[in-house]
């Protein structure tokens with residue numbers, strides 16, 4: 001809304017080094033910075049204020065929206081549990097459907113009509129979404145608020161360290177724990193003690209002190225273990241998130257050097273990410289409607305494949321994406337040299353659709369990795385820390401952008417040493433993005449190896465109900481009946497022949 005106000009009140013061009021000048025001044029099609037009115041201090045304050053407000057708002061809403069949606073399903077109802085297995089697929093579908101609108105329709109409006117209308121339409125959409133949210137609030141299932149999860153988690157290692165000399169009892173039942181009735185009153189779930197990360201179990205050893213920083217319940221200890229077990233998986237998602245950051249940076253930058261014309265229509269530069277979105281939308285539908293059902297028959301798993309397996313497939317896709325991107329860039333540089341546009345940085349006479357494979361593969365990878373990532377951190381988080389779990393998935397995207405900026409500046413600096421031109425220059429025709437993408441491919445290979453090593457040691461959180469077991473048995477019975485029906489049909493055909 002702040003950006004809408006800024007562009008509505010006055011046509012200004014804010015030109016920080018990291019932003020492209022806004023194409024609207026005396027003429028809506030005039031891209032020249034010298035024709036822009038200089039931004040005042042107020043305009044800059046509103047502009048940066050809007051960006052930071054957007055970042056804060058997104059950080060607060062995204063983890064909670066997905067969590068609130070998933071919480072509407074009852075884990076103790078097998079039918080609702082089954083529907084919940086598809087929730088994150090369709091939640092991600094709706095998110096990317098909105099992204100597709102932003103990357104196509106809104107970008108076209110901003111480039112050809114004006115930024116005021118381009119920001120005004122999302123503002124109107126947000127107002128409508130708030131009204132829909134408020135209308136549905138009375139019907140939502142609400143999780144009761146609890147104490148700070150960070151404080152609750154911090155108490156366990158502190159208590160364990162303070163009792164590091166204490167001997168663990170052989171029987172876990174001797175550890176401190178509340179009665180089931182106590183958990184039932186608060187709407188929480190009791191978790192039994194596990195042998196992993198045994199040192200933390202000392203936090204639940206009874207020594208006479210009842211201080212919360214000296215004595216923790218078994219459930220509290222196990223919740224902390226769950227969070228700690230997720231950290232290596234979280235670290236393994238940073239590199240794939242770095243690859244995602246290339247879509248709106250280097251991938252788009254590549255597109256600006258190519259022919260963007262499709263007949264009389266010219267593809268807007270910012271719309272290139274729409275190919276990723278469209279690919280992701282198609283892939284999610286195919287995954288949920290076909291891939292899961294096929295794999296259910298093979299693995300007898302209600303999810304088709306496990307969440308970590310799904311994430312792993314997405315990470316393998318990232319290796320192929322960077323290999324394809326490197327080969328495509330190598331071909332583009334060859335044509336640039338062939339047509340003599342290396343030094344001038346002119347347009348390479350080849351259609352922008354040559355970049356389509358790397359964009360489509362990125363969307364397919366997102367259908368596996370990004371959806372599974374959100375569902376994994378939600379599913380494996382303790383029951384009273386679901387929002388904190390999904391915030392992990394959002395954190396990886398932020399870390400990916402930071403790592404991307406760090407690698408870009410570092411590689412650019414290193415490759416310019418000793419009189420070399422460098423891999424990454426403002427003139428892409430004189431750069432070597434093919435080497436940079438190859439470096440990313442190798443980086444992804446090492447990340448896949450690290451991920452596989454971490455998944456072998458990972459222990460899934462125990463289900464809080466037997467609904468998943470019920471679903472598994474139903475799946476086996478369905479497969480068994482289908483198999484028997486097929487055999488009987490074959491038998492009848494054979495007898496008739």
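Cβ from N, Cα, C; glycine included.
Looking at 66-87, 88-109, 154-175, the range tied to transmembrane segment in TrEMBL is 88-109. Check TrEMBL against the ranges 182-207, 390-415 and you find transmembrane segment recorded for 390-415. Your range for transmembrane segment, going by TrEMBL and the list 115-136, 467-488, is 115-136.
Ranked by the number of CB pairs under 8 Å to the transmembrane segment (390-415), the listed stretches 115-136, 230-247, 307-328, 348-369, 435-454 are led by 230-247. Contact between the transmembrane segment (88-109) and the transmembrane segment (307-328) does not hold: fewer than three of their C-beta pairs are under 8 Å, each pair 6 or more apart in sequence. Where the transmembrane segment (230-247) meets the stretches 115-136, 267-287, 307-328, 348-369, the count of C-beta pairs under 8 angstroms peaks at 307-328.
When each of the listed stretches 307-328, 348-369, 435-454 is scored by C-beta pairs under 8 angstroms to the transmembrane segment (267-287), 348-369 comes out highest.
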